[in-house]
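**Student:** Mind having a look at this structure? Questions to follow.
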Amino acid sequence: MAFSYMPGFGNDFETETLPGSLPQGRNSPQRPAYGLYAEQLSGSPFTAPRGTNERSWLYRIRPSVKHTGRFKPADYPLWKSAPNVGDHELALGQYRWNPVPMPKEPTDFIAGMRSITTAGDVLGQTGMAAHVYVANRSMVDDHFFNADGELLIVPQVGALRFVTEMGVIELRPGEIAVLPRGLVFKVELVDAEVRGYVCENYGAKLTLPDRGPIGANCLANPRDFKTPCAWFEEKETPCRLTVKWCGNFHVTEIGHSPLDVVAWHGNYAPYKYDLATFSPVGAILFDHPDPSIFTVLTAPSGEEGTANIDFVIFPPRWLVAEDTFRPPWYHRNIMSEFMGLIHGQYDAKEEGFVPGGISLHNLMLAHGPDSTGFEKAFRADLKPVKLDNTMAFMFETRFPQMLTRYGAELETRQDNYIDCWADLKKRFNGTPEGDWS
Ligand SMILES: [Fe+2]
């Protein structure tokens with residue numbers, strides 16, 4: 001079955017699966033067509049300014065009060081929420097990991113969530129968590145929603161299908177999806193095994209960054225974001241709904257599928273985006289801009305220019321700058337950087353940072369090209385070079401990212417990561433020429 005999508009970012013969408021199921025000219029008629037219930041899903045306070053006011057109207061077989069019953073506690077011990085501090089002994093450092101191993105036991109998307117870092121405070125609705133998901137089993141009668149934040153999903157291995165109450169998103173590596181806070185969904189696997197990264201955003205929603213002098217085009221263009229058309233199932237079988245709420249998990253049993261929205265309209269909705277449609281802007285003479293030039297989505301913190309989260313990619317691009325050290329420069333940062341590699345090679349670290357791997361460069365901890373990368377870059381013949389077969393990304397936050405016990409003890413952590421800078425030589429010799437031997 002092919003699922004369809006509507007283009008645009010933050011549009012006021014409307015979609016119906018049955019003719020006339022979406023009320024026109026009003027939100028809450030006395031008797032909605034097809035015997036549907038009208039329900040509003042609010043992603044912002046009612047009184048938020050127009051530019052950030054987000055809500056959708058859902059026309060569904062049963063109202064959501066019928067999609068929860070009495071809750072019982074549920075246990076997902078590897079999915080952590082901030083603050084999650086001091087649960088391991090690992091000393092401070094720059095860290096890097098090989099990929100998180102695939103599970104040996106049957107594991108669905110929710111059970112397969114492994115938190116690597118948390119930042120900020122879930123109760124204060126600030127900060128984020130960075131997770132890796134690994135799964136080998138579809139959710140069939142199990143459903144989930146996250147009251148703690150929206151989920152930015154970055155697949156790295158395998159295609160998946162996010163069957164949400166507002167429509168179906170098919171997603172493969174190279175694409176990303178954002179599922180808003182509170183949205184009910186289940187995850188079906190298209191491929192046998194899947195792995196990817198998730199940024200759980202506790203704060204204000206991800207949005208497109210301003211472009212400033214770049215103008216009205218380039219970077220992520222709004223029309224390349226795709227929101228699913230309505231889709232529903234009428235399934236009267238025992239189902240479960242699990243909720244993540246203030247860091248804890250709760251499960252409730254219901255007698256039917258909660259994915260029963262026949263029509264909806266509004267601007268609070270899930271979406272996907274193909275990273276290949278990102279139009280990068282960069283240096284065309286010398287130096288290069290800060291990596292913020294590659295921001296796909298940003299979640300504001302309330303302080304101007306200081307993001308709760310920036311989602312930044314490092315896409316294929318031409319390097320043409322003259323008399324320039326072309327890889328990312330050495331760097332210390334007030335923002336904390338969680339990086340992943342979807343495929344290919346990252347130019348500052350050609351070895352050791354592998355697809356599915358992770359690196360973490362936290363608040364004010366130094367990082368930059370490894371010794372090999374530095375040597376190669378200062379010796380390079382600076383003709384135009386196409387940096388191809390690469391797609392790295394960064395979840396960057398204003399808050400320090402606290403490593404979880406799972407991340408600290410993960411067997412794929414590279415204990416020798418720090419050694420990647422060991423061979424950087426002293427090149428100062430008191431002469432203007434320096435020692436570039
Ligand atoms: Fe950095």
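Placed from the backbone N, Cα and C atoms, the Cβ positions cover glycine too.
TrEMBL: automatically predicted annotations, no manual curation.
It should be emphasised that the depicted structure is a prediction, and the values quoted were computed from it without experimental measurement.
Copied straight from TrEMBL:
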- H288: active site, proton acceptor (ACT_SITE)
- H331, E337: Fe cation binding site (BINDING)
- Y346, H367: homogentisate binding site (BINDING)
- 5-275: domain 'Homogentisate 1,2-dioxygenase N-terminal' (DOMAIN)
- 277-428: domain 'Homogentisate 1,2-dioxygenase C-terminal' (DOMAIN)
**Student:** What is the nearest of the recorded positions H288, Y346, H367 to H331 (Fe cation binding site), using the Cα of each?
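**Tutor:** The answer is H367.
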**Student:** Can you give me the Cα-Cα distance between E337 (Fe cation binding site) and H367 (homogentisate binding site) in Å, rounded to a whole number?
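**Tutor:** That comes out at 10 Å between the alpha carbons.
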**Student:** In sequence order, what residues of the same chain, 6+ apart, have a Cβ less than 8 Å from the Cβ of the residue listed as 'active site, proton acceptor'?
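**Tutor:** Once residues fewer than 6 apart are set aside, the residue listed as 'active site, proton acceptor' is near G282, A321, T324, R326.
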**Student:** Around Y346 (homogentisate binding site), which residues of its chain at least 6 apart sit with Cβ under 8 Å of its Cβ?
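**Tutor:** Residues satisfying the criterion: F314, M339, F353, T390, A392.
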**Student:** Are there any residues in the same chain, six or more apart in sequence, whose C-beta is under 8 angstroms from the C-beta of H367 (homogentisate binding site), and if so which?
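**Tutor:** Within the chain, H367 (homogentisate binding site) has Cβ neighbours under 8 Å at Q94, Y330, H331, R332, E337, S359, H361.
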